Amino acid sequence: MNNGDFLRDMLAKADREGYAVPSFNYSCAWDFLAIIEAAEEEKAPVMVASHALVFNMITPEINAAMGAAAMAKANIPLIHHLDHSDEVAICNKAIDLGYPSVMIDASALSLEDNISAVKEVVEHAKSNKVCVEAEIGKIKGRGYEGGYGGDDFLAQVDDAVRLVEDTGVDTLAVGIGTAHGFYEGKPEIHFDRLEEINAAVDVPLVLHGGSGIPEADIRQAIKGGINKINVGTIIHCTLMNSFRKDLIELGDNQFTLDIARPAMDEVKKVVKGWIRKCMADGKA
Ligand code: 13P
């Protein structure tokens with residue numbers, strides 16, 4: 001059964017074997033399905049995730065049912081995840097609806113308030129064996145999955161240790177210079193800080209802001225202790241740009257399915273590229 005323990009095992013295997021589990025953000029049925037098709041063809045363990053905004057818009061019940069059906073049907077290790085919820089209540093709703101994995105992102109709050117929000121979610125998640133991800137430091141940039149424009153983004157080692165020890169959280173997203181949305185210029189990733197945090201805490205670390213990070217940096221991040229890598233913007237944009245291209249070429253009044261299949265195929269190419277960058281191909 002694909003519960004939190006199943007994900008814990010997936011991440012431990014990735015750590016032992018030196019790859020990362022990619023987590024792809026979807027925003028509709030078409031990219032959701034394309035991600036899973038691509039992962040099955042690559043024989044890769046993956047996560048499909050949606051931001052809390054998508055979770056609320058599709059509705060929690062429909063999201064949860066879609067995820068549960070996909071996990072039951074998949075021929076690969078597949079985990080459905082709630083990404084970036086800044087509200088405890090939304091995480092708890094997802095847990096109650098059977099999500100195996102949720103993220104409580106209270107990184108905008110003080111360390112004390114971050115810890116108390118994470119504690120609340122971990123407490124609720126325990127009896128359902130749900131995996132909980134928290135965030136320390138801040139993910140820069142601006143994208144569908146969130147944004148931060150200040151300079152105070154870098155995760156502090158002592159804060160990471162306190163957050164993990166005080167809450168018992170399962171995985172930790174670290175602010176080390178990566179950004180949501182597309183990068184302007186080359187990402188400046190603080191690999192030294194990543195290694196310090198990895199040496200100080202005993203939980204899998206998560207890299208956010210995947211879209212646009214060069215392959216060499218992805219490989220270095222995995223070496224430095226990253227076990228899960230989140231990719232969103234390039235998925236949404238590939239889907240929408242394919243729709244736009246086909247509508248311009250074919251004209252108005254197209255049937256959705258005729259342009260959805262080519263858009264899914266474009267998304268699949270991107271997903272497969274990311275699975276290989278994470279070295280997760282063939283690891284199912
Ligand atoms: P990108 O949208 O920059 O790929 O980041 C995705 C992400 O980190 C989701 O949490």
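Keep in mind that glycine also has a Cβ here, set from the backbone N, Cα and C atoms.
Bear in mind that TrEMBL entries carry predicted annotations, made automatically and left uncurated.
Look at TrEMBL and you will find Asp83 tagged as active site, proton donor. The Zn(2+) 1 binding site annotation in TrEMBL covers His84, His180, His208. Taken from TrEMBL, the feature Zn(2+) 2 binding site covers Asp105, Glu135. The dihydroxyacetone phosphate binding site annotation in TrEMBL covers Gly181, Gly209, Gly210, Ser211, Asn230, Val231, Gly232, Thr233.
Structure coloured by features recorded in TrEMBL.
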residue: Asp83; record: active site, proton donor; contacts (Cβ under 8 Å, 6+ apart): Ser23, Asn25, Ala49, Ser50, His51, Ala52, Met103, Glu145, Asn230, Gly232
residue: His84; record: Zn(2+) 1 binding site; contacts (Cβ under 8 Å, 6+ apart): His51, Ala52, Met103, Asp105, Glu145, Gly146
residue: Glu135; record: Zn(2+) 2 binding site; contacts (Cβ under 8 Å, 6+ apart): Met103, Asp105, Ala106, Ser107, Asn114, Leu172, Ala173, Val174, Gly175, His208
residue: His180; record: Zn(2+) 1 binding site; contacts (Cβ under 8 Å, 6+ apart): Ile139, Lys140, Gly141, Arg142, Gly143, Tyr144, Glu145, Gly146, Gly147, His208, Gly209, Gly232, Thr233
residue: Gly210; record: dihydroxyacetone phosphate binding site; contacts (Cβ under 8 Å, 6+ apart): Pro22, Thr178, Ile218, Ile229, Asn230, Val231, Gly232, Ile234, Trp274
Would you mind ranking the binding-site residues Ser211, Asn230, Thr233 by how many other Cβ atoms sit within 10 Å of each Cβ and giving me the lowest? Thr233
Near the dihydroxyacetone phosphate site, what residues other than Gly181, Gly209, Gly210, Ser211, Asn230, Val231, Gly232, Thr233 in the same chain have a C-beta no further than 8 Å from the centroid of the listed C-beta atoms? Asn25, Gly143, Glu145, His180, His208, Gly212, Ile234, Ile235
Cβ-based neighbourhood (8 Å from the centroid) of the Zn(2+) 1 site, residues His84, His180, His208 excluded: Asp83, Asp105, Ile139, Gly143, Glu145, Gly146, Ala173, Gly209, Asn230, Gly232
Near Gly209 (dihydroxyacetone phosphate binding site), how many other Cβ atoms are within 10 Å of its Cβ? 29
Within the chain of Gly181 (dihydroxyacetone phosphate binding site), which residues six or more apart in sequence place their C-beta under 8 angstroms from its C-beta? Gly141, Arg142, Gly143, Tyr144, Gly147, Gly209, Ser211, Thr233
For ligand 1, the binding-site residues of Asp105, Glu135, Ser211 whose CB is under 6 Å from one of its atoms are Ser211
The record names Gly181, Gly209, Gly210, Ser211, Asn230, Val231, Gly232, Thr233 as the residues that bind dihydroxyacetone phosphate; what is their largest Cα to Cα distance in Å? 12
